Structures are given as structure tokens and as C-alpha cells.
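**Student:** Quick one: the structure is below, questions incoming.
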Amino acid sequence: MVRHGETAWNKENKLCGWFDAPSSKKGIQEAQAADQTLKRKEYQFDTAHTSVLTRAQHTLKVILEEIDQSSLPLRRRRLRETVYKAMEDVNNKGKHK
């Protein structure tokens, strides 16, 4: 299992929850590092699972393209980030930014 990399909100120490924060530059680099590891170890998959959030789908796309499995069947149901409700967009000091 691979989780998405850093988001723009993570950089600001904010909780994302279901907010669809995009991957940061570092998050994209983290996805690329994961795909290199999977490629080096020659992993092959039958299906891929991802949430509906853009950051997760982007991470998966980067990885599947690198390991030449971009046509893999995708499943997007029921995988979701924890919902933080009132805590979304709050930094680690408990303050809205």
C-alpha cells in the first residue's frame, strides 16, 4: 500500500481530511521515489485501489505509468481520508490559517 505524498496543506501543518488539497512538489517527488522502488523490485499488480481525492489519484497515476501498468483496472470506492470536519484547515497549533 502506498499513500499519497505531501500536500500543499501538509506544508502548512494543516489537516486536509476530505478537502482535495493538491500534491506539493515534494509530494510529487515522494510519488516518484515510490514508483522507482516498485519498479526496481519488479512488482506487478492485478488491480489498483485509490480514493477519489486528486492527490491520491495523481500519486497512483505517476506510479502506474513508471511501472508500465497504466491500463490497470482501478477501484475508487470506500477509500477515503479521515474526515476532520471542523479541524480541516487548522494548523497543528489549533488555529485556522
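Yeah, the Cβs are placed from backbone N, Cα and C, and that goes for glycine too.
Note that the structure is a prediction, hence the values are computed from the model and not measured.
Here's the feature list from TrEMBL:
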- Arg3, His4, Gly5, Glu6, Thr7, Ala8, Trp9, Asn10, Arg55, Glu81, Thr82, Val83, Tyr84: substrate binding site (BINDING)
- His4: active site, tele-phosphohistidine intermediate (ACT_SITE)
- Glu81: active site, proton donor/acceptor (ACT_SITE)
**Student:** Given the recorded positions Arg3, His4, Arg55, which one has the fewest other C-beta atoms within 10 angstroms of its C-beta?
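**Tutor:** Taking Arg3, His4, Arg55 as the recorded positions, the minimal 10 Å Cβ count falls on Arg3.
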**Student:** Whole-number answer please: how many Å between the C-alpha atoms of Arg55 (substrate binding site) and the residue listed as 'active site, tele-phosphohistidine intermediate'?
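**Tutor:** One finds 6 Å between the Cα atoms of these residues.
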**Student:** Including all protein chains displayed, how many Cβ atoms other than that of Gly5 (substrate binding site) lie within 10 Å of its Cβ?
**Tutor:** 23
**Student:** Could you find out if DSSP has Thr7 (substrate binding site) as helix, strand or coil?
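**Tutor:** Its secondary structure by DSSP: strand.
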**Student:** List every residue in the same chain as Thr7 (substrate binding site), at least 6 positions away in sequence, whose Cβ is under 8 Å from its Cβ.
**Tutor:** Cys16, Ala21, Pro22, Ser23, Ser24, Gly27, Arg55
**Student:** For Trp9 (substrate binding site), just count the other CB atoms lying within 10 A of its CB, please.
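**Tutor:** Its Cβ has 20 other Cβ atoms within 10 Å.
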